[in-house]
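Listed features, source TrEMBL:
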type	residues	note
BINDING	Gly59, Val62, Asn66, Ser289, Asn321, Leu413, Ser417	Na(+) binding site
TRANSMEM	53-70	transmembrane segment
TRANSMEM	82-104	transmembrane segment
TRANSMEM	125-153	transmembrane segment
TRANSMEM	206-227	transmembrane segment
TRANSMEM	239-266	transmembrane segment
TRANSMEM	286-303	transmembrane segment
TRANSMEM	315-336	transmembrane segment
TRANSMEM	401-422	transmembrane segment
TRANSMEM	442-467	transmembrane segment
TRANSMEM	473-496	transmembrane segment
TRANSMEM	517-540	transmembrane segment
TRANSMEM	560-585	transmembrane segment
Amino acid sequence: MAVKSEPRNGHELSPLNVRLTDDGAGVTVVLTPAGSAAHGNEERASWDNKMQFMLSIIGYSVGLGNIWRFPYLCQQNGGGAFLIPFLVMLILEGVPLFLIELGIGQKMRLGSLGVWNTIHPWLGGLGIASCTVTFFVALYYNVIITWCFYYLFNSFQSPLPWASCPKLENGSAVPECEKSSETAYFWYRTTLDVSPSMEDSGGLKWWIVLCLLLAWTVVFFIVMKGIQSSGKVVYFTSMFPYMVLTIFFIRGITLKGASAGLVHMYTPKIDMLLNPNVWLDAATQVFYSFGLAFGSLIAFGSYNPPKNNCVRDVILVSTTNALTAIYASVVVFAILGFKARANVDKCILNLKLTNPVEANSTDYLNEHCSLAKQLDQAAEGTGLAFIVFTQAIVELPGAPFWAIIFFLMLLSLGIGSQIGILEGMLSCIFDIDFFKRIRKQYLTGFVCITCFCVGLIFATGAGEYWLKLFDSFAGTIGLVMIALLEMIAVMFIYGHEKFTQDIEDMTGYRPGAYWQITWRFLAPVIMTCILVSSIVFRILNKNTYMAWDANKGETVETEYPEWVMVVAILMVTASILPIFAVFLLRRFQCLKLDVDIHQGAIRRIDTTVSTKEMMADVDLDEYHDDSEDEDEEDCPPSRQRIGKAFKMEVMDF
């Protein structure tokens, strides 16, 4: 039959395409070395053992958010009642998408960029988008590690530098410190030397620059060889935080006021469950606590052997993540209960010294020195870690020891998550054929140097304000949209039946009704709600940040300047633009994707009915037996197999 050459459609993966019929039907044939993974290659890195993989993925998923975000959400959203929507969203949203990312990575043995190009080249922008978001998040996440280093270095002295206000020459305390608190002053003035607003950068702070350089240097040496180097570090970064949490737990529950803190936090307020924002907060917390849509889970899965039981891994890691968040909340509020009781005792003592008559009145004491008011002073993020918790540490006997292990714990959690974040970005880069010619250490070093240079913006006096901007915009809308499109791509383009069969082939377990319902209906609906509500919230509410007012000794709500909002919009646009750009370029033949013959996979593209049954999705070698070799010599050359060193695979679109 004569071969008719026609213009390419922009979605073929190989230059070996031919059109066999006038109606445009045909088959794209690409050869892969026999014995290699279906969509990967034998040279891909792999975990040394199962324990290394489990600790890496736990270290990535269990991060700072479990320590300083989840307790705050519990306190603000109904106490113990918040556990109900959290667990519901964990089951309906987190676990299903977790298995999709881990499973598809393990099946194809490719990073995020390769996976979505393989499913359909029009989806190639998903890999670029997740890589872009990961870059933004890696920039500011390492700044948190920077601050932890600074506090750790300052913890090796007694008394702790944030235990008291600095004195002026006349012996009086610095007014800014007196108006705020010792720990707030040390954070805003000593550590950050914070500017009054984002429009005043305040210049670079050399001590933060040095700590930032140290943070990126440490991260570089950990990830410079991929999982060959980072896999060794996770034994410490994943297990040490649990040891510290246990030490704090044992110490915390024995402190005066610990029970009050736990009762305050976990007393359920069932009426809060009627508030839709509570459910939205739970869904958002589950989404970010797993680190979904960064491409990191896909990369981690791609280093697993093809027959690894990823379903069991997902259930174990999900359970560990949830229990860690609850466990950390118990520790945090036991310590905060102790801090609140200590503040109340100080307040009562001061009242008795200044106003002994009124201090004898119980009602007066409850009004001015209320334990409930102290416990209601909620804090999250940096405020909880560097202001509230450090104040509690000062009250503990042997405060420097507790400060050292606390910030070592935060460092371990931060570095563990940063390893996973960078692995998601680097795996995308390493899967690009051009960069495979560059040694991994050099490419990783270039990425880290670039991130350090861009990250200098966080080492200025306005650094904390920029970090909050990145946290609010860089990793929110873009990540949720990527996750939603990932689920749609796997379920409705790759095919839920094919993915279900893949899971069964790899694990021996066939996902049943729970997985099918959550994959195809519930999880997409939940993520759509998160996406829409996030956009609506940004549009309807003023975008503000908390700026430090040195005259008042407190933070004041300040609206972002217009030019800063332009930067925020550009970040969001950069996160989602690749998705649409790649789709349009390949859809309208502006961009073609060709890969080397040894990297490709055989695909059927718009096959006709007459060829569809012939081109079944099977690996021919899997069903080939020795008896077929004897008959093959009698076949015409055109029908003989190309050779034992190669295999054929056909995939439906």
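Cβ coordinates are placed from backbone N, Cα and C, and glycine is handled just like the others.
No curator has checked TrEMBL annotations; they are predicted automatically.
Taking the mean position of the Cβ atoms of Gly59, Val62, Asn66, Ser289, Asn321, Leu413, Ser417 as the Na(+) site, the remaining residues of that chain whose Cβ falls within 8 Å of it are Ile58, Tyr60, Ser61, Gly63, Leu64, Gly65, Gly291, Thr324, Gly416. Between the transmembrane segment (517-540) and the transmembrane segment (82-104), three or more CB pairs separated by 6 or more residues in sequence fall under 8 Å, so the two stretches touch. The recorded stretches the transmembrane segment (82-104) and the transmembrane segment (315-336) share 3+ CB pairs below 8 A when only pairs 6 or more apart in sequence are counted, and are therefore in contact.
Against the transmembrane segment (315-336), the recorded stretches 53-70, 206-227, 401-422, 473-496, 560-585 differ in Cβ pairs under 8 Å, and the greatest number is found for 53-70. Counting C-beta pairs under 8 angstroms (sequence separation of 6 or more), the transmembrane segment (239-266) reaches the transmembrane segment (401-422) with 3 or more such pairs. Long-range contacts of the transmembrane segment (53-70) within its own chain (CB-CB distance under 8 A, at least 6 residues past either end) are made by residues 47, 144, 227, 230-231, 234-235, 237-239, 241, 285, 288-291, 296-297, 300, 303-304, 308, 313, 316-317, 320-321, 324-326, 328-329, 332, 380-382, 384-385, 410, 413-414, 416-417, 419-421, 423.
Other Cβ atoms within 10 Å of the Cβ of Leu413 (Na(+) binding site) number 29 in total over all chains. When each of 286-303, 442-467, 560-585 is checked for Cβ pairs under 8 Å to the transmembrane segment (401-422), 286-303 comes out on top. Long-range contacts of the transmembrane segment (442-467) within the same chain, counting only residues at least 6 positions beyond its ends with a Cβ under 8 Å from a Cβ of the stretch, are 135, 138-140, 142-144, 146, 192-195, 197-198, 200-205, 208-209, 212-213, 216-217, 219-220, 223-224, 382, 422, 425-426, 429-430, 435, 545, 547. Counting Cβ pairs closer than 8 Å to the transmembrane segment (473-496), the top stretch among 125-153, 206-227, 286-303 is 125-153.
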